[in-house]
Amino acid sequence: MRTLWIMAVLLLGVEGHLLQLRKMIKKMTNKEPILSYGKYGCNCGMAGRGQPVDGTDRCCSIHNCCYGKVNGCSPKWDYYTYSEENGDIVCEEKHPCKDVCECDKAVATCFRDNLDTYKKRNIFHPKSSCVKVSTPC
């Protein structure tokens with residue numbers, strides 16, 4: 001069980017309440033987020049930064065930048081409120097952590113829209129081979 005929690009923390013460098021983000025990604029992609037995206041490419045996972053290796057990795061880069069713009073909430077730990085309407089994720093308009101929800105919704109949607117770029121060989125892409133980007137956001 002402890003190993004699963006550690007893996008959950010690795011997810012996307014994850015931030016966004018972990019269970020809520022996991023649920024969104026699972027809904028949009030039908031993939032197990034921790035195993036599928038936790039160490040994907042150069043930008044998914046802890047301390048991820050660099051030139052994206054593909055569209056899926058670009059989703060993580062955008063997500064990292066999105067979290068960098070969040071104010072007033074701790075993306076890793078603060079809950080937010082959302083609902084599902086007609087298959088879409090709708091973040092509660094007046095919730096103080098709505099911005100975190102929108103970041104998580106965007107990455108889940110991006111993963112779904114980039115399923116055709118997802119490659120198993122990038123799951124454990126060596127971060128040492130990632131090219132730094134001067135202005136990642």
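Residue numbers in this text run from 1 along the chain shown.
Just so it is clear, glycine is given a Cβ too, placed from its N, Cα and C backbone atoms.
Given the structure is predicted, the values throughout are model-derived calculations rather than measurements.
Sequence annotations record features per position, and here Swiss-Prot assigns disulfide bond to Cys42-Cys130 (among others). In the three-state DSSP scheme, Cys130 (disulfide bond) falls into the coil class.
Its Cβ placed at the centre, Cys44 (disulfide bond) has 31 other Cβ atoms within 10 Å. Here Swiss-Prot flags Cys44-Cys60 (among others) as disulfide bond.
Reduced to three states, the DSSP call for Cys110 (disulfide bond) is helix. All chains included, 19 other C-beta atoms sit within 10 angstroms of the C-beta of Cys110 (disulfide bond). Per Swiss-Prot, the feature disulfide bond maps to Cys59-Cys110 (among others); the stated evidence is similarity to another entry.
For Cys137 (disulfide bond), applying a Cβ distance below 8 Å and a minimum sequence separation of six or more within one chain yields Asn64, Cys65, Gly68, Lys69. Sequence annotations record features per position, and here Swiss-Prot assigns disulfide bond to Cys65-Cys137 (among others) based on similarity to another entry.
Feature annotation from Swiss-Prot assigns disulfide bond to Cys66-Cys103 (among others); the stated evidence is similarity to another entry. Neighbour count (other Cβ atoms within 10 Å of the Cβ, all protein chains): 20 for Cys66 (disulfide bond).
Sequence annotations record features per position, and here Swiss-Prot assigns disulfide bond to Cys73-Cys97 (among others) based on similarity to another entry. Note: Cys97 (disulfide bond) has non-local neighbours Val70, Gly72, Cys73, Asp78, Tyr79, Tyr80, i.e. same-chain residues 6+ apart with C-beta under 8 A of its own C-beta. In the three-state DSSP reading, Cys97 (disulfide bond) counts as coil.
Within the same chain, residues at least 6 positions away in sequence whose Cβ sits under 8 Å from that of Cys91 (disulfide bond) are Tyr80, Thr81, Tyr82, Lys98, Cys101, Glu102, Lys105. Annotation source Swiss-Prot lists disulfide bond at Cys91-Cys101 (among others).
The signal peptide annotation in Swiss-Prot covers 1-16.
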CA-CA, which of the disulfide-bonded residues Cys44, Cys59, Cys66, Cys110 lies nearest Cys130 (disulfide bond)? Cys44
Filter the disulfide-bonded residues Cys59, Cys66, Cys103, Cys110 down to the ones within 10 angstroms of Cys44 (disulfide bond), Cα to Cα, kept in sequence order. Cys59
For Cys66 (disulfide bond) and Cys110 (disulfide bond), determine the Cα separation and express it in whole Å. 13
